């Protein structure tokens with residue numbers, strides 16, 4: 001039976017917990033990031049605990065001694081729960097909660113909670129609920145026990161700010177319904193994409209680590225008016241806007257959801273239809289926060305996620321953002337990209353270079369056209385203006401002299417006996 005439980009807002013005080021099996025500095029950096037995630041989700045981190053172990057304990061995540069230590073810290077700090085920096089198995093969740101007698105959450109629950117509060121579009125809400133149900137279906141017993149302790153907080157947000165408790169059969173049925181709805185959305189996206197291709201409008205996807213400044217960049221370039229907050233996952237639903245380049249060429253720019261380390265696989269699966277905007281784009285703009293001391297790690301995470309999505313064959317521009325806040329001696333280099341620019345989306349520095357680079361790349365993907373059109377063929381010049389880059393238009397006695405760059409698929413219909421060649 002489906003049971004709806006109304007939630008009340010609470011202030012959660014949580015202890016962040018991680019297991020380091022190698023580089024402790026990396027574990028500290030990951031916990032710092034988890035602290036930002038927890039803050040974004042509306043809770044406060046009152047302590048951070050790292051246990052150095054050869055491997056994560058398969059039954060309880062932590063060792064017995066560390067569990068006792070954390071139990072004391074929970075009492076001392078009046079904490080309402082703990083958040084583990086890795087995704088817990090159903091057994092780990094259940095056993096750890098039993099040992100600590102408190103609410104236990106993991107990194108995935110926090111990320112899903114943020115996504116649930118940020119989803120605006122129908123597609124975004126479907127994708128978040130699908131990811132939540134896939135995660136919860138294997139953890140029903142542990143989650144019911146844990147979430148019922150406080151009646152709300154991290155891990156309980158969802159459609160309508162209510163917690164939906166289901167048995168496995170109902171969850172399975174609901175997942176099937178959501179997948180069908182997502183297929184409908186995907187088909188609609190495909191129709192829109194085909195129309196875009198028919199109109200010969202190139203597209204660029206803006207990707208990057210969360211909080212790298214993707215939305216700020218899109219706002220700067222297109223005056224899109226997107227909420228650009230200094231928060232993790234400020235953008236969840238993709239936004240597409242048109243950018244007119246100096247030579248008249250149009251390009252569609254799409255802001256996508258940010259990537260993050262330890263991004264749950266079922267989240268990537270759920271958001272595949274959204275991330276396909278990157279897969280079917282002509283250019284990838286990889287925005288990098290070059291003021292972040294963990295810049296190299298963040299770049300690695302983005303490339304690994306793109307590889308998992310099968311997006312490795314696109315023209316890549318690495319956009320080193322926030323140069324106004326970066327250390328003077330920082331080395332900015334990305335051997336995996338085709339082009340690199342340094343900008344500040346906040347101040348506007350370097351944006352002209354980025355725009356010119358986009359124009360150059362698109363021009364090099366076109367065919368050069370030079371010919372004289374009769375005055376009866378003026379409609380073809382309108383096509384060039386709309387889909388290409390008109391370099392020169394000169395009215396002569398015998399017709400209109402034109403040279404331009406045009407999409408290769410339009411060249412045959414525009415050229416006739418024209419003098420043309422690939423640049």
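Cβ atoms are placed via backbone N, Cα and C, with glycine included.
What you are looking at is a predicted structure, and each value in this text was computed from that prediction instead of being measured.
Pulled from Swiss-Prot:
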BINDING   208-215, 233-237, 255-258, 321-324, 344-346  GTP binding site
BINDING   215, 235  Mg(2+) binding site
DOMAIN    202-366  domain 'Hflx-type G'
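Look at the Cβ of each of the binding-site residues 214, 322 and count the other Cβ atoms within 10 Å; the largest number goes with 214.
Residue 208 (GTP binding site) carries a strand DSSP state (E or B). For the pair formed by residue 344 (GTP binding site) and residue 215 (Mg(2+) binding site), distance between Cα atoms is given as 13 Å, rounded to the nearest Å.
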